[in-house]
Amino acid sequence: MEHQILYTPLAYEKAENIRVLFDRHEKELEEYISRLLWWNKKINLVSRDVSRETIKDHVEHSLVLTQSELFEKTAKVIDSGTGGGLPGMPLAICYREKQIHLNDVVTKKVMACRNIASALSLKNISTSSCSIEKVGFAGDELLVSKHAFKIGDLLRMLESKPWGNIILLKGGDEIESELEKAKEPLKVNIIDLMPGFDEEFYKGKAMVEISRISQS
Ligand SMILES: C[S@@+](CC[C@H](N)C(=O)[O-])C[C@H]1O[C@@H](n2cnc3c(N)ncnc32)[C@H](O)[C@@H]1O
């Protein structure tokens, strides 16, 4: 399959924008982290014995999506494979005007997300506990996901849907081989996060913007 693939490094200024955004919403983001840690002890949302510092890295990593034009121009976001609300919950905290739908196939994870959203008074969050295959799409949503799907598997599950744009946060190495399974030509922008952030946490991590060539 002939995809249009572009490679871009994340600019240092964009990493700086994310730090500024984090600082601006620090109180609510720290409150989210506290509640996520509390729920993580009861049900496995992230990984067992994860530290507050590591969760903070995951929250900052989630905010990388805000530096994409695809995110800027959309009012409705679906976060599939959200687990404990990453990346959707930090996005909902920082962008109250955007509608964020959290989806996960595991009911108890979605229940924890609903509880956290309600405790934080996040009126812009809706949820569904089912596979992404069962979620209805109008065509104007941005689908986002962090470390939940292989690209080919996700596209197969979206096959019958009018999806518009997708942004995935995932390992940079696997992307080209995963794209081989796509059944239509795609426009793909692979943004390496390491040049912007120099922390070890970002090594090998990428933000992948995917659009249909027929719609671009
Ligand atoms: C590795 S976890 C990542 C969780 C979160 N995005 C994060 O970064 O912490 C992958 C999540 O995808 C969910 N998942 C797997 N297949 C799914 C599907 N078909 N539809 C919706 N969620 C799915 C799993 O239940 C799990 O919570």
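The backbone N, Cα and C atoms fix where each Cβ goes, glycine too.
The record from TrEMBL ties Gly81, Leu86, Ile132, Glu133 to S-adenosyl-L-methionine, and of the options Lys98, Lys108, Lys146, Lys150 it ties Lys146 to that site too. The DSSP secondary structure for Gly81 (S-adenosyl-L-methionine binding site) is coil. Lys146 (S-adenosyl-L-methionine binding site) falls within a strand segment according to DSSP. Its Cβ taken as reference, Gly81 (S-adenosyl-L-methionine binding site) is surrounded by 21 other Cβ atoms within 10 Å in the chains shown.
For the recorded site, Ile132 (S-adenosyl-L-methionine binding site), the DSSP three-state label reads helix. Among the residues Gly81, Leu86, Ile132, Glu133, Lys146 said to bind S-adenosyl-L-methionine, no two Cα atoms are farther apart than 19 Å.
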